[in-house]
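Q: Below are the structure tokens for one structure; questions will follow.
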Amino acid sequence: MMSEKTQQRKLAGTKKKFTDYHQWNSAGVGTGATDTKKKKINHGANPETTTSGGCHSPEDKQQNRAQLKEENKASHQHQQALRRQLEAQDHTIRILMCQKTELETALHDSQDAARKFEEDSKDLAARLHHSWHFAGELQRALSAMSAEHERADKYIKELTKEREAMSLELFRNIITNKELKEKNAELQEKLRLVETEKSEIQLHIKELKRKLETDKIPLPQVQTNTLQEKMWRQEEELRDQEELRDQEKLRKHEEKMWRQEQRLRDQEKELREQEQQMQEQEEQMRKQEEQMRKQEEQMRKQEEQMRKQEEQMRKQEEQMRKQEEQMGKQEEQMGEQEEQMRKQEKQMLKQKEQMRKQEEQMWKQEEQIGEQEEQMRKQEEQMWKQEEQIGEQEEQMRKQEEQMWKQEEQMGEQMRKQEEQMGEQEEQIRKQEEQMGEQEEQMRKQEEQMGEQEEQMRKQEEQMGEQEEQMRKQEEQMGEQEEQMGEQEEQMRKQVERLQFKEERLWDEYEKMQEEEEKIRRQVEKRREKKERMGEQEKTQEERCSEPCLPPSKYPSDMSHPGSLEPAREAGKGYSHDNRTAQIMQLPPGMKNAQERPGLGSTSCIPFFYGGDKKKIKIISI
């Protein structure tokens, strides 16, 4: 702005000097030049018109004044034309300066936009690198989740296999329990039959006792009665002991069976609870698998979005690279334009220097003209010499005018070229402004896209944070479930060991029950054999008792007592089932002497049955 003001002041000063010079020239120099010309003309044509003193006549003066007026008018017109040219040049200079400032501001704005664009590109590159790093972390987390999912699948398969094995073992235990229950029922049925047989035998023994009591026993047989009573008491005690032992065995066996059934029920309950827990765990694992699948779907969508964003970022980088190339070209063009402007400024400076030199010459000429006018006003006598000098000066002025015309033509050509260049520059600047507007629009859209991408990235980061929190919770749940499954495995292993131990015990008890059943069966068989033997012995005893035991001189021959063999037979039938005891059954004794029973001898035949061995019954006579 200061340079423009100084230039305007200089131009105003030069214009003022030109006007003053032309006014002074029209007043003095022009008249002198015309007078000299007229003098020359008159001097050559009519020498009588001159006076003796060398002065002009009034007519010459009037002609000179008219010529001076015409020359003054022509010089004034020429001065106005020069002034207009100077004003046009000044206007063009101001336009060029304004364009220069506009170009400088546009260049500065373009440099700022390029700097901002470069910063945005660096920021985008940093965000892209961060997004790549985040995508890598997501990929690693996804691979870890897939590995964890595979481990969970393997663990679930192992648990399902163990559950199937446990269910099979439970089914086997249930089957064995059913078999044991059936065998226990059979044994209880057999025991019930044995107890019924035992009760029948006891009833039969009681009937025999009743018959023995109803029988008439002679008084002298005190020893036999006492022995019989002792035997009965012993038999009763043995029967009571056997009943107590049998009842105790049955009670213990029933308690064992009840305990086993209770244990089996508890085991079934525990297995049902474990199956329920396994089902709940499977449901949880299924839910976790569903969540994992949803998370994988979300991760896949996020990867797709990241891929799209990377594609957009790559396109934006390509656009930025193209824009940078365009900006480089524009900077080159701006550099060329600046170079042209510098050249134009140099030319303008040269032109100003030439104008300054011309002004100095004009000042010198004005000074010279002033001195000449002063000399012409003071010395009219030296007019002829001065006319020659003025002719030379006019020649110089003509040459200067020719130079000025040439300079004006050069300035017009230069101004035309500059106007063309300025038109081209304005067209280029307009195009650049349009491109910059498009670039600004693209940058605005890119900034909006980047804002949306940042919002999406922020949401994705929040989602990933939530997913990481869920994954951490799931890992904790998986750890707890693994611990629970480990505890359950340990419990199942212990239960399997307990079941195996119980199964072994059940098998041992089953074998013992089989042995007891075999013993009972053998006892029943032995009882049956004993009954048969007792029947045979009764027959043999009847045969033997039908004959006299002593000589007939001492005992009567009539031994056919009606109640003599019935107690023995009944005693044989009601023989006790215990093979470890020996029961003695006594037949009713004979007469005390032969006088009471005249049919018998002096001594009676009293047979006693006792068990000597396990399989033999001996008979002695008293």
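From the backbone N, Cα and C atoms, a Cβ is placed for every residue, glycine too.
Pulled these features from Swiss-Prot for this protein:
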REGION    1-82  region 'Disordered'
COMPBIAS  57-74  compositional bias 'Basic and acidic residues'
COILED    100-534  coiled coil
COMPBIAS  251-275  compositional bias 'Basic and acidic residues'
REGION    251-496  region 'Disordered'
COMPBIAS  283-332  compositional bias 'Basic and acidic residues'
COMPBIAS  339-367  compositional bias 'Basic and acidic residues'
COMPBIAS  374-388  compositional bias 'Basic and acidic residues'
COMPBIAS  395-420  compositional bias 'Basic and acidic residues'
COMPBIAS  477-489  compositional bias 'Acidic residues'
COMPBIAS  511-546  compositional bias 'Basic and acidic residues'
REGION    511-580  region 'Disordered'
COMPBIAS  567-580  compositional bias 'Basic and acidic residues'
Q: When the compositional bias 'Basic and acidic residues' (511-546) is classified with DSSP, how many of its residues are helical, how many are strand and how many are coil?
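A: Its residues fall into 35 helix, 0 strand, 1 coil.
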Q: With DSSP helix as H/G/I and strand as E/B, how many residues of the compositional bias 'Basic and acidic residues' (395-420) fall in helix, strand and coil?
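A: Computed counts for the compositional bias 'Basic and acidic residues' (395-420) are 26 helix, 0 strand, 0 coil.
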Q: Would you mind splitting the compositional bias 'Basic and acidic residues' (339-367) into helix, strand and coil residue counts from DSSP?
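A: Its residues divide into 29 helix, 0 strand, 0 coil.
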